[in-house]
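Working notes for the structure below.
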Amino acid sequence: MTDKDMIEIWTDGACSGNPGPGGWGALIRWNGHEKELYGGDPATTNNRMEMTAVIEALNALNRPSKITLNVDSTYVKDGLTKWIKGWKRNGWKTADKKPVKNQELWMAMEEACKRHEITWVWVKGHAGDEGNERADGLARKGTDEVRGRK
């Protein structure tokens, strides 16, 4: 796989109220091209939108890829890179024996990751990272659309 096969993705989630109407956004860059994705849910949480952004971005790729995935959510990054193995081993329970929140999304995200080689990068939100700012704008657009504002 060459550098030109490398795909860079930024994802973000937003919520107006938590829970409340929310949106997700993703910016995908590859070989000089870009694709923007976004959507929303009228009743959700910020974490669910962060997770949905990753799932939708990865599922939009039509072949196994080498990806740098930029997220501003430590919940998403740590959940997939550190916590999920323990949750599965414990029957989807946390260390304090409580059910893992958003289990269906963790499972969908793990499945979406399987066919790709992913390097996870945490970026500070609202700190000038151009890709993150674009993903944030898309997530806000998704939120606005489910709230009936264009």
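Each Cβ is built from the backbone N, Cα and C atoms, and glycine gets one as well.
Here the structure is a predicted model, which means the values were calculated and not measured.
Annotated Mg(2+) 2 binding site per Swiss-Prot: D12, D136, in sequence order, evidence recorded as sequence analysis. The Mg(2+) 1 binding site annotation in Swiss-Prot covers D12, E50, D72. Residues or ranges marked as domain 'RNase H type-1' by Swiss-Prot on the basis of sequence analysis: 3-144. Swiss-Prot lists 129-150 with the feature region 'Disordered'.
Sequence features annotated in Swiss-Prot and their locations in the structure.
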{"residue": "D12", "record": "Mg(2+) 2 binding site", "Cβ within 10 Å": "33"}
{"residue": "E50", "record": "Mg(2+) 1 binding site", "Cβ within 10 Å": "28"}
{"residue": "D72", "record": "Mg(2+) 1 binding site", "Cβ within 10 Å": "22"}
{"residue": "D136", "record": "Mg(2+) 2 binding site", "Cβ within 10 Å": "22"}
Roughly how many angstrom lie between the C-alpha atoms of D72 (Mg(2+) 1 binding site) and D12 (Mg(2+) 2 binding site)? 7
Does DSSP give D72 (Mg(2+) 1 binding site) helix, strand or coil? coil
When DSSP states are folded down to helix, strand and coil, where does D136 (Mg(2+) 2 binding site) land? helix
Over the span of the domain 'RNase H type-1' (3-144), how high is the average pLDDT in this prediction? 96
By a three-class reduction of DSSP, D12 (Mg(2+) 2 binding site) is assigned strand
Report the residues of the chain - excluding D12, E50, D72 - with C-beta within 8 Å of the mean position of the site's C-beta atoms, for the recorded Mg(2+) 1 site, in sequence order. T11, G13, M49, A53, V71, S73, V76, G125, N132, A135, D136, A139
Between D12 (Mg(2+) 2 binding site) and E50 (Mg(2+) 1 binding site), how many Å separate their Cα atoms? 5
From the Cα of E50 (Mg(2+) 1 binding site) across to the Cα of D136 (Mg(2+) 2 binding site), what is the distance in angstrom? 10
